[in-house]
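Q: Grabbed the feature section from Swiss-Prot, which reads as follows:
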TRANSMEM  22-42  transmembrane segment
TRANSMEM  90-110  transmembrane segment
TRANSMEM  150-170  transmembrane segment
TRANSMEM  185-205  transmembrane segment
TRANSMEM  232-252  transmembrane segment
Amino acid sequence: MKKTIGLAYRFFYLNNNCDFYLLFLAPFSLFNLGVMVASAVISVVYNNQPQLIWFTNFDTFTYQSNTIAAVCVLMYLCKRRCKLFDNNALFLSAAGYLVFTVIFFNLYVLSRVTGFVNVEEHVKGWFSTITSEMPYSFSGNPLTDWISFAQLFLHVIYPASFFGFIWIFFKTYKMREPLHELGKFLLKAGVYPSLYAFYLQTVPFLKIWDNGHDSYSVYGFFSQTKYNSYVWFWSIPIFASMFLILWGLFVINNRYYGAKTKYGKQ
């Protein structure tokens, strides 16, 4: 009974704009997770490859950063007094991961539109994030249109809605426990990107779909560390840019949202 009352209180006793926005973003986050699961299942069925539920789908930074953001929103809805939300570090980290996703995928889209990067037909059906079709293009084919919708949703629509929540959240509550130590924040926030970078660089050596000339890599040619020695020239700067983004968000957060407000600590 107490849990039921608490749930009703959560949904109907709205304190501020942040709470109102949360009512929209929470189901939107569930839909976000549904889009990823549906895309992975479609990939499995279309290619008759059960392992694609992970490979090319949930092992991409796009899926993982969107999952982290959605889970953070749902956790905050259910357990906003959790110690993880005593300061803004968790939301700031999730926002950083999504910023990275948005920037680099849309740079890839721009490179495709301008013709700077061309992807061969043979990658179709193997890489959900790098396909032979032009990103965000709708042709009337249900399969390719779903891929385009999922790309648009995961790289533009949901990140924009999450960034809107972050802005309202920071503006409403500001710093309940200010983040003074940049190094400590980067160390904690950088754990996940570091682990992911390790996975990205090592998975081509695991002999997954390895024919002696090519093997599975999450982003095809761009992350093929086994058969493409030039990968290291751009992978190191890209990895460093993740920390640059986190640093920028830390500075912006402390600069504009550092003072406590009348809302105080929840």
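Placement of Cβ uses the backbone N, Cα and C atoms for every residue, glycine included.
Thinking about packing and proximity, how do these listed features fit into the structure?
A: Using a Cβ-Cβ cut-off under 8 Å and counting only residues 6 or more beyond its ends in the same chain, the transmembrane segment (22-42) has close neighbours at 11, 14, 52-54, 57-58, 63, 66-67, 69-71, 73-74, 76-77, 128, 143, 146-147, 150, 153-154, 158, 161-162, 165.
Distant neighbours of the transmembrane segment (90-110): 61-62, 64-66, 68-69, 72, 76, 84, 116-117, 129-130, 135-136, 151, 154-156, 159, 162-163, 166, 169-170, 179, 185, 188-189, 192-193, 238, 241-242, 245-246, 249-250, 253; these residues of the same chain sit at least 6 beyond its ends, with a Cβ under 8 Å from one of its Cβ atoms.
Counting residues 6+ beyond its ends, the transmembrane segment (150-170) has Cβ neighbours under 8 Å at 17-18, 21-22, 24-25, 28-29, 32, 35-36, 38-39, 62-63, 66, 69-70, 73, 88, 91-92, 94-95, 98-99, 101-102, 105-106, 109, 129, 135-136, 253, 256-257 in the same chain.
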